[in-house]
Amino acid sequence: MPPAAERVPWRWLVAGRASRRLVLVVVFVALLLDNMLLTVVVPIVPTFLYTTEYEGANRSVAPARTEPAPPASKAPPFSSMFSYFDNTTVTVLGSTSAVDLANGTESSRLPQPPASSPPLPSGCPEGEEFLTKENVRVGLLFASKALVQLVVNPSVGLLTNRIGYHIPMFIGFIIMFLSTVMFAFSGTYTLLFIARALQGIGSSFSSVAGLGMLASVYTDDFERGNAMGIALGGLALGVLIGAPFGSVMYEFVGKSSPFLVLAFLALLDGALQLCILQPSKISPESTKGTPVFTLLRDPYILVAAGALCFSNMGVAMLEPTLPIWMMQTMCSPKWQLGVAFLPASISYLIGTNLFGILANKMGRWLCSLIGMAVVGISLLCVPLAKNIYGLIGPNGGLGFAIGMVDSSMMPIMGYLVDLRHISVYGNVYAIADVAFCMGFAIGPSTGGAIVRAIGFPWLMIIIGVINIAYAPLCWYLRNPPAKEEKIAILSQECPMQTKSYTTQKTLRDFPLTDDSDVEAENAE
């Protein structure tokens, strides 16, 4: 009994390493944690920097400004408290007794400060100029992850071709864990910036290796589309949980708490990878993949990458700018800054899972075309919101449409490689991740500067029009031509047969034996 009992876990591990579903689970969890860390900082960073830098600086000057502080409030509550009803000044401050004793000339200057402060309701933060400048700094902080990922992705694609997907996947987990712990204990902008950049390196390893592993395991085009939809569901779930989770934990527990929870979940993911993926195993691809620069010269791959870039650039611009815009115009509390992204996250989760199946039936090119148009319309509607409830419709439409684009374009990337190049997927998913990262690099870095220059509504108009204008280019992905050596794929109408990319059927087109007579009779 004991020897047999000892063999049960070993048999389970062997069976698990041969199971495609468990590989899908590992990739799902990795993308979930990556995107939870991606979005959990969205509501935390703006308010954390405002609290530590602006309010911290004001507290240090507080002893010298204790007397002028009350002018932000109206006179009646303070005047009745200090019995100054008989003064001749219109605005009476509770702390100006010494000033009033001096002369009426001093009190005549006092009504001026309240003239600039009444527009601020009780819940609005002060320091509007600081918040405007913070748009740029927060945008650069968020963009640092994508910029680093942009640089590292091509190298990870080449590495996966040489040593396989298992080791890079585990390296990504280690780096992500270190980044999460660093986020938890960083107290300055510089340390947060380094932690965000470190996350970009780990995310590059996890996403490129994970998506490439799925494409290599699910060789059938229809099954691959479903698997990619489920994996992107992990991405969507991370985005869904991240921002609300971060805002609520930061408001009621503290800044470090959400990151420590993510660090614990990352450890569980690492244990799962050790059991299932065998990260010590070097398994290079049996055939050499198409070089990255060759893939970049393929116009169809570029169109698909552009759709991924511009559709995600919209939500990337919203991440640093929407919370600050809400603080300025809606006077939103901390917890609302993350909850505002909840409709986008829920609809993205629905969109990726729904269109992972439907896109194959209605045409992935059509699904992505409609998705990009809806992305543009949703972005145009965001500035029309007057409160958090007005953001539900635009953000919900935005998330649903991005889910349509992502769940269509990720399988198209693998299909284009199968159709036009060598069926090795590390490099093409490195390009897909580069496109994704370009959206999240250009979006936050330029978005903050544009908001500072011309305002938040114009930013939404610009990126919305870009998405609507780009949408018709997806039509070119309707029926991409195959290379000469893979022309047989076009004759296979059943999508379930696209997993065997052979050229045996082309022999019928060039009959060189006696079978040609039989084929001629069949043609008649």
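Heads up, the Cβ atoms here are built off N, Cα and C, so glycines get one too.
Look at TrEMBL and you will find 111-122 tagged as compositional bias 'Pro residues'. According to TrEMBL, the feature domain 'Major facilitator superfamily (MFS) profile' maps to 23-482. For 104-126, the entry in TrEMBL reads region 'Disordered'. Taken from TrEMBL, the feature transmembrane segment covers 21-45, 171-195, 201-218, 230-253, 259-279, 300-318, 338-358, 365-385, 397-417, 424-443, 455-477.
With Cβ pairs under 8 Å as the measure, the transmembrane segment (230-253) is packed most heavily against 21-45, out of 21-45, 201-218, 300-318.
Along the domain 'Major facilitator superfamily (MFS) profile' (23-482), the predicted structure has mean pLDDT 78.
Residues 142, 146, 341, 344, 368, 371-372, 375-376, 378-379, 382, 398-399, 401-402, 405-406, 409, 412-413, 416, 420, 428, 431-432, 434-436, 438-440, 442-444, 446-447, 459-460, 463-464, 466-467, 470, 473-474, 476-477, 480 of the same chain lie 6 or more positions beyond the ends of the transmembrane segment (300-318) yet place their CB under 8 Å from a CB of it.
Using the rule of three or more Cβ pairs under 8 Å, pairs at least 6 apart in sequence, the transmembrane segment (365-385) is in contact with the transmembrane segment (455-477). A Cβ distance under 8 Å defines the sequence-distant neighbours of the transmembrane segment (171-195), meaning residues of its chain 6+ beyond its ends; these are 30, 33-34, 37, 41, 45, 49, 52-53, 137, 140-141, 144, 201-207, 209, 255-256, 259-260, 262-263, 266-267, 269-270, 273.
Within its own chain, the transmembrane segment (21-45) is flanked in space by residues 138, 141-142, 145, 169, 172-173, 176, 179-180, 183, 192, 196, 199, 202-203, 206-207, 210-211, 213-214, 217, 227, 230-239, 241-243, 245-247, 250, 255, 258-259, 262, 265-266, 268-269, 272-273, 276-277, 319-320, 323, 334-335, 337-338, 341, 345, which lie at least six positions past its ends and keep a Cβ under 8 Å from the stretch.
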